[in-house]
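Engineer: What follows is a single structure, and I will ask about it in a moment.
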Amino acid sequence: MAVTRTFSIIKPDATRRNLTGAVTKMLEEAGLRVVASKRIHMSREQAEGFYAVHKERPFFGELVEFMISGPVVVQVLEGEDAVKRNRDIMGATNPKDAAPGTIRKELAESIEANSVHGSDSEENAAIEIAYFFKPEEIVG
C-alpha cells in the first residue's frame with residue numbers, strides 16, 4: 001500500500017464539546033498521522049466555496065450556517081490508503097448507521113452534527129488540502 005494523504009475537518013459540534021483531542025486520537029490509532037493542522041473559524045465565503053459542489057442541494061444553506069457556527073480544525077492526514085482509512089474510522093454519515101468504534105458512532109450528535117468531514121477520493125483530498133493549506137504548511 002502506498003502512503004497517501006487525505007483531508008479532514010473536525011466540525012463545530014465536536015470543537016464546541018472539546019473533542020478535538022478525542023477525534024485526533026482515534027485518527028492516529030487508525031494509523032493516520034497528522035502532518036498539518038490548524039484551528040480556524042471559517043468565513044461564510046470559505047464555507048460556501050468549500051461546499052460549492054452542494055450549492056444546488058436543499059441542505060446547502062444549513063450546512064454553511066453550521067460550518068460557520070464555531071471553530072473547526074482542518075487537518076492533513078497521512079498514512080497507507082489514507083482516504084479509505086479515514087472514511088472507515090469516521091463511520092457512516094448518519095451516526096445511527098455507523099459501526100461501533102467509529103468517530104461518528106461514538107462522538108457525533110446527529111446526521112447534521114456528525115463531528116467530522118473527510119475527503120471521498122484522493123483527487124478531492126488534493127483539492128481540499130490546497131483549499132486550506134499552503135505546501136510549506138504540510139510537514140511530514
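One is the number of the first residue shown, and numbering goes on along the chain from there.
Placed from the backbone N, Cα and C atoms, the Cβ positions cover glycine too.
Here Swiss-Prot flags Lys11, Phe59, Arg87, Thr93, Arg104, Asn114 as ATP binding site. Taken from Swiss-Prot, the feature active site, pros-phosphohistidine intermediate applies to His117.
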Engineer: Pop the Cα-Cα gap between the residue listed as 'active site, pros-phosphohistidine intermediate' and Arg87 (ATP binding site) into the table, whole Å please.
Structural biologist: 9
Engineer: Using DSSP reduced to three states, classify His117 (active site, pros-phosphohistidine intermediate) as helix, strand or coil.
Structural biologist: strand
Engineer: If I restrict to non-local contacts, at least six residues apart, and a C-beta distance under 8 angstroms, what lies near the residue listed as 'active site, pros-phosphohistidine intermediate' in its own chain?
Structural biologist: Phe7, Ser8, Ile9, Lys11
Engineer: Fewest neighbouring Cβ atoms within 10 Å: which of the binding-site residues Lys11, Arg87, Arg104?
Structural biologist: Arg87
Engineer: Report the member of Thr93, Asn114 (the binding-site residues) whose C-beta atom has the most other C-beta atoms within 10 angstroms.
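Structural biologist: Most Cβ neighbours within 10 Å: Asn114.
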Engineer: Rounded to a whole number, what is the top Cα to Cα distance in Å among the residues the record ties to ATP, namely Lys11, Phe59, Arg87, Thr93, Arg104, Asn114?
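Structural biologist: Comparing all Cα pairs, the maximum is 22 Å.
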